[in-house]
Every structure is written in C-alpha cells, then in structure tokens.
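Peer 1: Let me begin by handing over the structure; questions about it come next.
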C-alpha cells in the first residue's frame, strides 16, 4: 500500500506582481479575501523575477519562460536574449556556423535569404537588435536578396508601437543597399501556441505564396492602414509588401529561412508547418525545399539546424525529486502547460520518473478578457483531487489568468481574473489543510498590477519588472527578504528534507521554527 503523502504545492500565479501605485492596478482593485487572509496569517515577502536576477539584462522585464526556468532550476540561468546580445557585441554572431551556412547556401543556389520573427524591442520572444544583426550579416556575406517577414508585437510592447521599428528597418535596408520588408502580420496569427491552425496558416501562406488580405508598397503604409481598420499591432491582418515593380517576395526552393525568435513556445507551431514532412495542421499549397534555421532550440521533434543550442541544465528540481524517489505533479492550462513542464524542467520535454502531468484545455475564445476566469475552476477541481489522493510529494501548478488576461489590456477583465484565481487558491489551501500539506504561493513575473501605460495612456499589455509575492502557508516559519525566483527550488528541497545539489546556487528562503 502506498504511503499517504503530505504534499508541498507550488502555486505560480502567472503575471501577478506587486506595485505600490494602485492606479489601474487590477490586483489591488480585485476583491481577494483569500490572499488577504493568507498574507495576514502567514509569513510572506517579495522576490525578484526580472533583470539580472533571472539572467536577463539589467532592467529587462521578466517573462514566463525565463521565470519557470529559474524557478525549476534553482539557479540564475543566463537567458537567450543576453547570450545572443553578447555574441553580437563580441562579433561572434556573424561567424555562427548555422547562420553562415544558411546564408551561404542561399547565395550559392541563387536564392534569397528570408528572415522572420517578432519585430519587437520587447525582449520576450525576440529582439529587433538580433534581427538587425542578422540582416547586416546576410548582406555582409554577399546576399543581395534579403527579405524580412515581420511579425508585429503590441503585447510585450505598447499596442501601437510597431511604426518606429518598421521605419528603422526601411532605413536600415536603404543603408545596406540590399533587402526590404516583404510582409507584416500580427503575432496573434504567426505565433499562436494553442493549435489554432487557421491563424498560423495565414502567416504560412503569406510567406510561401504572398497570399494576403491586403497588399501595399510600403510597410509603414500597411501598418497605418491596419490602424485605420482598428487593428492593433498584435492583430494586424496579413499584408504583403510589394517592390518597386509591384512584385511580392515569397519563399522559393533554394532559399534560406531563418527564424529569429529565441523563445520556443510560440515558435513551435509555425516552425513545424515549414519543416515537418507529415505536418497536418492545415493544407499547405506549397512546401518550399529551403534551408531552415532556428535561432534556438524549439523542441526535440523539430529537426533543423540550431544557431544557439540549449545549454544542458543538470539537477533541476524535477531531476532531484526523481533521484530521491519522490513523486511530483505538474498541472496547468494549455497556455502555461509548457511552462510547468518543459521550461520548469530546464528545457527537457520528457517527464521525469515519478512525474505526472495534467493538462486542462484553455477556453477557445478569441481573447481571454472574454472569459477571464479561463479554465481555473476545472483546473482547481483536478488539483484538489490530486491533493486529496495523497499521491504526490510535490505539486507544481500555474494559474495563467493574471498574465493572459493582463495581456489584453482590459482592466475590468483583469480584476475578474484575479478574483477567480483568489477563489481557487482558497479551495487549494483548504484541501492541503485536510491532508497536512503546505504551499508556497508566488509568481513568475508581473503584469496585471499595471494595466495602463502611465506615459502614453494606452493600455499596458506587457509584463513588468515589479517584485512578485512569496507566501508560505504551512508550519511556523520565517522568510528571508531579498530573494529571487532561483531561490524557490532550494527552498522546496529544504522544506521536504532533501539536500540541495551543488548546481543549485539559490538559497532557501523559508526557515522552519522548531
């Protein structure tokens, strides 16, 4: 008979930061009696989830991928943004073998170099400085046909901020003497991660056939027309940009296609549509035979050259629990499932021995402000059942609402999202109390605590660099101040009586009073 476990649950409230300013702060204005009570009764502090503390550049806002890698690995992990920016500064980028091979193969075949990615200074999925470096490198190596397929942001940046980026790249190509922007489309279509293939197909058809809803002779003109249609950057319809002769640039046999996003989760679907022989997400009218390169590693099943392969993380929390014969559960909705599994495990797809996973489907709505509670009730039903089963030593759960609804910029919906999560936490804490379990409540980064950009007055749809909550609901304890996300895994190991491996550089934040 299996011994009953007293589970330790880590509840990650995605996009839930702490902000002193209460103006347009959805978390402050939400009615959250459960969290208010827990903060009053139990030890708590604030920890850092941004900038240098998570391996990002100083001042750079945190994000879900980075947050979960730090949470699960127990160390500050040098992030792809920093790593690639450093390679550019050190002039190593222009010698990268995978990128050089792609450019050279296209030149040799008389083809074009196509560069696609999120044209954004947001630094969450990509950075436009990296895209600029790629354009410069391609021309420097002798490419005369360089085409940029720009995915527009408006989510990790202000909703209407793409104009300066597009203007900059128009000027860049003029300076370089070669290349141009070939198409623009909102990330809503090109970077879907929830198997909404009808969206992805529009980006695929745009790049491979020039098939678009609109056609313009200039990218800025195309963007301004989208604004006239009331489309913010994220939702810009497929727009092909013609050259002086009225021609569109499409991906052909012998061309190279370089995907400049460094974050994996929203890069996987469109990548598979380009390279998987047995792809069945939608009907592909053409499948060009081209040289495809990914900037980083997107998934184990994606077989393409990688410019910057993942660094192997040893002795993450999941791996240590496996080695000690512990059981663990990972649970979230579709939107954050990859984060509590792949990213939390340091970029490993396969579950560890003793690791169960539960995926709850996120609601099929256009944007989550239409259903701010998302699937939190069903998620909590499954989580409570898992706690009551007493099967697990450690449970990792992510509630996506604060982030996913925060990204819509809809203040009232974000308030409702926070209230829904608070009610769920109450159920989880009650279930843990019945079985003698404990929980840590924290977040991966901020978002919902700032719903308006104080400078522009526009909706603030991006993450923030605010500190995030850290609450321990359990035994009588003290909590150290000044912690960061990488301290969470060592804290969990200490609470369950396991040794912290040398690879974990984080420090335990919770100290039980004997």
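Backbone N, Cα and C define each Cβ position, glycine as well.
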Peer 1: Among 193, 330, which is the one Swiss-Prot gives for the substrate site where 125, 155, 156, 187, 263, 264, 265, 266, 336 also bind?
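Peer 2: Only hit among 193, 330 in Swiss-Prot's substrate site, alongside 125, 155, 156, 187, 263, 264, 265, 266, 336: 193.
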Peer 1: Which one of 64, 73, 376, 389 goes with 14, 444, 445 at the Mn(2+) 2 site, as Swiss-Prot has it?
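Peer 2: Candidate in the recorded Mn(2+) 2 site: 64.
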Peer 1: Just give me the nearest neighbour of residue 463 (Mn(2+) 1 binding site) among the binding-site residues 156, 266, 444, Cα to Cα.
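Peer 2: For residue 463 (Mn(2+) 1 binding site), the spatially nearest of the binding-site residues is 156.
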Peer 1: Among all protein chains shown, how many Cβ atoms are found within 10 Å of the Cβ of residue 64 (active site, phosphoserine intermediate), not counting that one?
Peer 2: 29
Peer 1: Sorted by position, what residues of the same chain at least six away from residue 156 (substrate binding site) have a C-beta under 8 A from it?
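Peer 2: Counting only residues 6 or more apart in sequence, the Cβ neighbours of residue 156 (substrate binding site) under 8 Å are 61, 63, 120, 122, 123, 124, 125, 461, 462, 463.
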Peer 1: Of the binding-site residues 193, 264, 407, which one sits closest to residue 14 (Mn(2+) 2 binding site) when you measure Cα to Cα?
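Peer 2: Sorting the binding-site residues by distance from residue 14 (Mn(2+) 2 binding site), the top entry is 407.
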Peer 1: So around the Mn(2+) 1 site, 403, 407, 463 aside, which residues have their CB within 8 A of the centroid of those CB atoms?
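Peer 2: What remains near the Cβ centre is 14, 15, 63, 64, 155, 156, 402, 404, 406, 445, 447, 448, 461, 462.
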Peer 1: I need the CA-to-CA distance for residue 403 (Mn(2+) 1 binding site) versus residue 193 (substrate binding site), whole Å please.
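Peer 2: With the alpha carbons as reference points, the distance is 15 Å.
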